[in-house]
């Protein structure tokens, strides 16, 4: 159901992906704005792309269903047209038989009176009556098949029209996403190396302060174990560390935010909605003081970002374009709440969390070290 982590620029230290423009590019003069204003502009652009991405993902889910409905109706229509052809063949055969029988034939009543054997005439009359009933049934079936074929043809045309409208809407949404990301690239290309460094520093400080505030508040749960399925979801998520973010992707080589969370839980044996908004809307809510590894952490007021909680105040997430699946502080983005895909399942008695690859390895972005430093064990 492609998700919307595109806007996770606020993803502080764990999602810092501000890069200098390629050497071949000729950057414009750096904008004369405070770093905080530049960061706000970037956040606004990513949020615009994020909103369009979530809409795109929702449209994609509708389009998948509409394609199935169109295919089903076309199959029904093909079968109905086959039945209509058979009915027309039967009706034609009966019409030809009636024409031949009417050529010089006596009426059934006159044949009965003139027959030398009344019993034979009676049997023949009975056969004629049965044939008449068969003709009436054939005509009725023909009428029914014609009506059904017409109805299915109209429904199939309507379904195809709806499919085409969804495809056109999706294209506009895709164009909006690409336009927003192009504006991001243009803005980043216009920044000097010093401005990029200042942006990274501001992001890091913002994320660190938010994380410290959350952990100091005592709102976050203490150490808990995941359920059996939650443990499998975590193992899957850990195995994806370092894979690139691609909006609309759900693996196996790249992910967006809800693509990662939905696939993690699918591999755990639980199918959950594809988009972060549907995950927030449909899955059971859980308070932060009851949070356990495997739960999904939802971000922003419109539920347009999601990550997988791994414990100790950390999440695994696919933040945004230009980044990779990584470990981040839970407060890297504005928290909305959390949901639990397997709310009825008990936690494991014994659980040893997977160990992330060591800092500096190819499977783990270097920013994870910052995330690990920023997140202390939450107070119980």
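Going from the start of the chain as shown, residues are counted 1 onward.
Cβ from N, Cα, C; glycine included.
Mean pLDDT for the coiled coil (42-69) in the predicted structure: 81. Residues annotated as coiled coil in TrEMBL: 42-69 (among others).
Sequence annotations record features per position, and here TrEMBL assigns coiled coil to 146-173 (among others).
The domain 'NlpC/P60' annotation in TrEMBL covers 227-348.
According to TrEMBL, the feature region 'Disordered' maps to 346-365.
The annotation signal peptide is assigned in TrEMBL to 1-25.
Listed as Cβ neighbours of the coiled coil (146-173) (distance under 8 Å, sequence separation of 6 or more from its ends, same chain) are residues 52-53, 55-56, 59-60, 62-63, 66-67, 69-70, 73-74, 76-77, 80-81, 83-84, 87.
Taken residue by residue, the domain 'NlpC/P60' (227-348) breaks down under DSSP into 36 helix, 31 strand, 55 coil.
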